[in-house]
Amino acid sequence: MWRSPVRGPWLTAVFGAALLVALPVVAVTGLLDYIAYGPRFGQAIPSEVGWLHLPWFDWPTKPAWLFGLTQGLHVIVGLTIIPLVLAKLWSVMPRLFAWPPARSSAQLLERLSLLFLVGGIVFEIATGVLNIQYDYIFGFSFYTAHYFGAWVFIAGFLVHVSLKLPRMVRSLGSRSMRTELRTSRAATRPEPPDTDGLVSENPAPPTLSRRGVLALVGGGSLLVAVLSAGQSIGGIIRTTSLLLPRGRSDGSGPNDFQINKTASAAAIDPADAGPDWRLTLRGGHREVTLDRATLVAMPQHSARLSIACVEGWSTTQTWTGIPLAALAEHVGVPVPRSAFVQSFQRNGGFGQAMLQPNQILNPDALLALRVNGVDLSLDHGYPARIIVPALPGVHNTKWVRSIDFRS
Ligand SMILES: Nc1nc2c(c(=O)[nH]1)N[C@H]1C(S)=C(S)[C@@H](COP(=O)(O)O)O[C@H]1N2
Ligand SMILES: [Mo]
């Protein structure tokens, strides 16, 4: 397998160029998602990142699909590159384990950057894929590991690109893509021997043309993309999302869309969601408790908004409820600096969220009572849940008990 005659700087450079475009997309969208979680409130995970903290800004609420886009790109491109990463590793494989590891200090730096690069990407892919498939099976925090793993990868990536970019460009120019795409297996010849030793010294007869290798890898990536995209795009192609089995939909009728954590998983006592349920609103000096009938009698607003979850799916529904701005006004805080939302769930970690000013004042930011024209189901957060444009799914708190508006 290391004797394949298609191995060589050109093929490695083609894989490298594709990854050079795709990997920054995955890295940047991942870091943006971290910012979307609201590190300034200390609610992004990990919250303590030392000098690795990112510049913060208020995550926008417009366009409403922004988080769905960054999250969707991160997950889908992240999965799509897996065949490409494997192909790139294959194309350089024996060199990766060259011994002695370094003959000079420049080489030592290069080898060290490779360790960061390869170790980082394998770790990020493994933790990312596992997080999609099974929630939180790790003995450590997925978010913390994935965040620090990302920086290890980014460091390795930057050094690697700065060392290899000129060689990549030169190698890309050494053969013509158009000619390769027309060259059959029988006509496939090895590249001339190279200083990096990527070309086999003793090439075997070709079993695949370069065109065939590119089709195999490209086809593999395309297949992964198609099988993942449905999770974010929805509609009919949602059913094709084989790689993301969290595409389950456990509701019925208008409530028939994906449920991340069911009421029973969150240990919701149905009695807490019954007629005795009250919403507590706190403002600067005021505290108000409202029952659901009172909330239903207040002016209602509807908006089509998505829930996009970092675990790799999103869903868009029509929500109806009371604008959060109206609730803030109700307790005398028309210009809130933040809102702290708490759920009455008894189990699990996602029972609270802090919202920024624009996430409260956007006219479509709601305390939703209904979805698609009917009351929320218990699994979707009855009696009331938060739904805010472009807010990460996890902060759309279900089974709300109280909201503190702070000025
Ligand atoms: N109280 C509470 N709210 C919650 C959660 C939770 O575990 N508890 N999960 C959050 C997550 S991670 C997501 S993605 C969305 C999913 O909403 P859905 O189950 O209605 O699709 O709800 C959010 N709201
Ligand atoms: Mo989520």
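Glycine is no exception: its Cβ is also placed from the backbone N, Cα and C atoms.
What TrEMBL says about this one:
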DOMAIN    275-405  domain 'Oxidoreductase molybdopterin-binding'
REGION    180-206  region 'Disordered'
TRANSMEM  64-87  transmembrane segment
TRANSMEM  108-130  transmembrane segment
TRANSMEM  136-161  transmembrane segment
TRANSMEM  213-237  transmembrane segment
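Residues 15, 18-19, 22-23, 25-26, 29-30, 32-33, 36, 121, 124-125, 128-129, 132, 213, 217, 220-222, 224-225, 228-229, 231-232, 243-244, 303, 305-306, 308-310, 312, 314, 364, 389-393 of the same chain lie 6+ residues outside the transmembrane segment (64-87) yet bring a C-beta within less than 8 angstroms of a C-beta in it. Long-range contacts of the transmembrane segment (213-237) within the same chain: residues 6, 11, 14-15, 68, 71-72, 75-76, 79-84, 87, 180-181, 243-244, 246-247, 308, 312-316, each at least 6 residues beyond the stretch ends and with a Cβ under 8 Å from a Cβ of the stretch. Here the transmembrane segment (136-161) has long-range neighbours at 20, 23, 27, 30-31, 34, 45-46, 49, 52, 109-110, 113-121, 123-124, 127-128, 130, meaning same-chain residues at least 6 beyond its ends whose C-beta is under 8 angstroms from one of its own. Long-range neighbours of the region 'Disordered' (180-206) within the same chain, counting only residues 6 or more positions beyond its ends whose Cβ lies under 8 Å from a Cβ of the stretch, are 2-10, 12, 91-92, 94-95, 98, 167, 174, 212, 214. When pLDDT is averaged over the domain 'Oxidoreductase molybdopterin-binding' (275-405), the result is 96. Note: the domain 'Oxidoreductase molybdopterin-binding' (275-405) comprises 24 helix, 56 strand, 51 coil (DSSP; helix = H, G, I, strand = E, B).
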